[in-house]
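Q: Here it is, the structure in full.
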Amino acid sequence: MSQFSSEDEAELQSLLRELLKGVKDRISGAPSVECAEEILLHLEETDKNFHNYEFVKYLREYVESSLGAVIEEETENFTRGDGHAVGSGQDTVVHAVTKRTRESTQYKQMMQTLKQTMMVVVESLINKFEEDQLKKEEMDRKSQHEQSSSHYTDNCSDSDSSFNQSYAFIKHEQLQVISEKLDPGRPRELRLEALQSLCYAPPSDVLSCESWTGLRRNLSAALTDPDPELSDKVLQFFAKTFSSSPLNVTKDVYSSIGSILSLFLIGLNINYFFFFLCSRYMEEIIENTLSFLALHSEQAMSSPGSEKSLEPVHLISLLDIKATWFKKWMHGYYSRTVVLRLLERKYKSLCNRHFKQYYLEFVYFVHSLCVLGRLVMYTNGRKLFPIKVKKRRDPVTLTDLVVILINIIGLYVCVCFCVYTLDSLSPTNLVMEVLRTLCDRTECAVECLYQIPVIETLLAPVITLLKGNAIPPKLNSLESGLTHIADMLARIATTERGLSLLLYDRNLVSAEGENISAAHVVVQFTQRLLAKELHVFSELEIPPAVSGAFIFVCRQMYNTCEGLQVLRPYSLHECIAKAWRKTSSMSERVPTPVPGAPPAITSQELQSVVAWEEMLLDNLLNFAATPKGLLLLQQTGAINECVTYMFSRFTKKLQVSRCEKFGYGVMVTQVASTAPGIVALQSSGFVQTIVVELWSALECGREDVRVVHPKSTPMDPIDRSCLKSFLSLVNLLSSPYAVWELLGHRALPNKMEYNLREMATSVLDLMDRLIIINSDTKIHSLFNYEQSHTFGLRLLSLLCCNLDSFLLLESQYNLSELLLQGQRDNVTDPPSGEGEFIIDGLSVERNHVLVRIGSVGGPSERRLPPRALQKGNDPYPWPIVSTYPLPKYYILDVPKALRTKQGKNRLLKHKVLLYICVMYGKFLKLLREDSEQDLCLLLKHCQEFLSQQRVSVSSELSCFQDGYPGHDWFASTVFLLMHGDVGRSLSLLLRFSRLLPSAFLWPPRLHSSVHLPIEIAQSGIHPIYSCTAHYVEMLLKAEVPLVFSAFRMSGFTPSQICIQWLGQCFWNYLDWPEVCHYVAICVIMGPDYQVYMCISALRHLQQDILQHTQTQDLQVFLKEEPIHGFRVSNYLEYMEGLECNYRSMVLSDMRSILPRSS
């Protein structure tokens, strides 16, 4: 079929009309002709009935008849030429045949014929459509009742040839005739006929014609015509234009409507009308809208007694009560810039009138509130303030606006909009929505909320209640108002600027007439709430929602170091604990229900009691966010219940609170730093959960992975799937107290047989299965032996970074001998123990651990072997350690006395650290060969001296068994300073014990000491943690905020690494001269320099800390790496500055810890 006959053209016309009818719904909603074309071009992809249309079937048959022979011939030529069947390379064949077919003469001839024929068919359809249109118009003129069109569809002919009106065409000459017919001087019937024709025309053709200017003028005249039929037709055309025209043409129509409405409003002063608001973001549209909204009736304004007429702002409020149009305009940068510029230059009166007509009616109030709330969100919007308002002497500032909004939710304003019961439209909820939005945006909060008048307004009802004055509103209003006030205060306390304002600005007058800060008012009110001592609630039960809301405000303060410093004198932890015990006893005393008897307490009441109990536990738990707060929590006796509650929330992956960005990671790390904390974590099941999660990732893998897709072999020592569990375990075991409590006096299982399904459930199991692998049975019990043992050795390396933890592991499990034997067995000839060492991942890890635990020294005093191989012929040039002492390669500038010493392992289980200390002293040329016995004697004397000053503690904590569980690093340091002289060392220590610095430089000195308050001595929390580490975190947040934030993000705490540094007198982290300087400045300058020393070290490491926070190995870096390049002398001036700013606070608190000291 190469040519089309007249019958073919008629058939094609019929089939095409049928196709257009079938897709009418799709293309009628297209906003432009271009969009409609895109829909038709992609019809095969979007219409499942595409191949069922007769027009498509007809075209397919035509293509097959025209090109079938060509396609078959090209296919045979291709397969014959390539010598293979069409199968494996089918895509290649199809593309090649298609290309050759399209290049053929037959294809070009077919396309030309088809194009010419379709042009004829389409032209016939258009002509037929125009004929039907004229017939329809004639019928409309004769008809007395005209069918009204909707705003989004047109009245098209129902004849077979009519299809969607957007794709009919109209000539410019016809539009010129229509424009002339619309002239106001023409007869009404003629104008109506022209408007009817215009409604059928495509808006894009109308608005792009040359006669649009005159047409627009005549349309405006028709819109203001008294005849409603004319104006209705114009509105039909405008509505159609809005729904289907591009922005550039919509702008013209919108501007026309704005101008007409402005004239109409001024001239007739109507009371009510609706109009369609366009949301297109064009400058002219915005200006026309603001111009329209700025209109008002001067007559009504000047006549107080006259009936108030509706103005444009009232009408738009009725149409869009929450000012969605304004929110959309302010969302985009371009439109927001235009709006703010026009408001500032030409329409600032709009802001004034929004404010002064605040109480006219509820709808207007809501709309005004939404507009003002959106306006002050942006910098340039806030610059519009202050605003001059009639009947007010002073301009309205931002602070004034916020104060008025707060008064709406407060206790003194009697809101007159109570008839509106919808929660979403209640004035209080709307105002709170605006205020919460301001709180969430830092710049807005600083300018609008962090102001003294705002805080005074928020706390005015609280201070009134504290003074015992009665407040008029009913209890429901009082409860709601107080809850909203507490919500705002909590949000303010979440940010640094807001917290500082609440804690330190003493501009409020208390009930006693003193000038105090907002924090003091809030905590006093909270105490009175918990004690039920408020006059207004004397005869009624205080709602838990109110008490909980104000406790939460206090919590936002006391979960920071600086906030706890201010609130600590009030003993709020005891008040909350007392309320919790009372509530807990109530829930426990609920009697067992008896059949037939009325219940003593309803289920709803029981749920309320349980919820209140959990709320109190949750707030008690948050004391554990700081070191000193954790001590206070331990003293309440509720630490086990709080940790169990935290574990229940942790397993459900719940957030700490609505104001907390991070999870429970930091709090868990803080709790794990102390003996009672780690025991509580163990009893709650938290430790077991972490271990099981780790074992599942390490040995079990994901259960949902099919066997046909095996897990790839990990390239890193710690696989990414295990990294989170690894870091959680490091955080958990970072403190020696955690290691003592979880592993102290516990022997390894060392079973004869391990079931492959047997999972590790404790840290002892991990030690047995992953680290102390001393039998073939343990090796065969692991699915991934090398990966799992490497994991265990990495964990062991981090544990041994803390020398006290290493002492426990070595004394209980003979750790070093096990590792040395592993190296000796890893040779080419294991039975004889000879041959070359095999270099693999495990031998490299063992070598690193052996060097780390076998030597002591700062960054320039020892050399640790790397864990990575290097390129070249010798991938691991570092000596393999198989016996002690270490090869001289690892000791920098080894003295001659050490070089002659060779032989087998001399390490005794209980004297390993004595040996290491003496070796370090010899390296420094401070000690003699026989100094080991002298050091042992000194430590024995110190132990006897200190044991006489300890209180008797009845506790199951391991740290209270057999005295101080760790090594006395300060005594060892003094021994080296005195060049191994036992007498001088002991004399110095005895005299030093009388000084305050001894309490903090000498950890065993205050271990359950009689000089401490009995509750602290029996707590199991050392003052170095509860005092020194507390102030390190407090000062770090103020002095080096980036480092403090990095710790928060990593889930690690500054207190943990500082406890490790201070506990071992910076051994292994600083060179010996810097260790001496640390001791000297703390003794001479004062114990508070211990805090300043830690701050200086962390400040020195700032760049490294930030970098390792990004790589998610901050804990590993801080524990394994020494502090390179740190010199005390370089930071002495900085420490003196810290002393000037903080000594009065830090040193006084250090002194207060020892009230019983003589």
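Placed from the backbone N, Cα and C atoms, the Cβ positions cover glycine too.
Heads up, TrEMBL stuff is auto-annotated, nobody curated it.
Annotation comment: TrEMBL describes 12-138 as domain 'BROMI N-terminal'. Residues annotated as compositional bias 'Basic and acidic residues' in TrEMBL: 134-145. Here TrEMBL flags 134-159 as region 'Disordered'. Residues annotated as compositional bias 'Polar residues' in TrEMBL: 146-159. The domain 'BROMI middle region' annotation in TrEMBL covers 173-264, 279-357, 359-781. The transmembrane segment annotation in TrEMBL covers 398-422. Summarising the annotation, TrEMBL assigns domain 'BROMI C-terminal Rab TBC-like' to 799-904, 914-1153.
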Q: How about the domain 'BROMI middle region' (359-781) and the domain 'BROMI C-terminal Rab TBC-like' (799-904): at least 3 CB pairs under 8 Å, pairs 6 or more apart in sequence, or not?
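A: Yes, the domain 'BROMI middle region' (359-781) and the domain 'BROMI C-terminal Rab TBC-like' (799-904) are in contact.
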Q: For the domain 'BROMI C-terminal Rab TBC-like' (799-904), give the DSSP counts of helix residues, strand residues and coil residues.
A: 45 helix, 9 strand, 52 coil
Q: Tally of helix, strand and coil residues over the domain 'BROMI N-terminal' (12-138) according to DSSP?
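A: Secondary-structure composition of the domain 'BROMI N-terminal' (12-138): 108 helix, 0 strand, 19 coil.
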Q: Which value does the mean pLDDT take for the domain 'BROMI middle region' (279-357) in this predicted structure?
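A: Result for the domain 'BROMI middle region' (279-357): average pLDDT 62.
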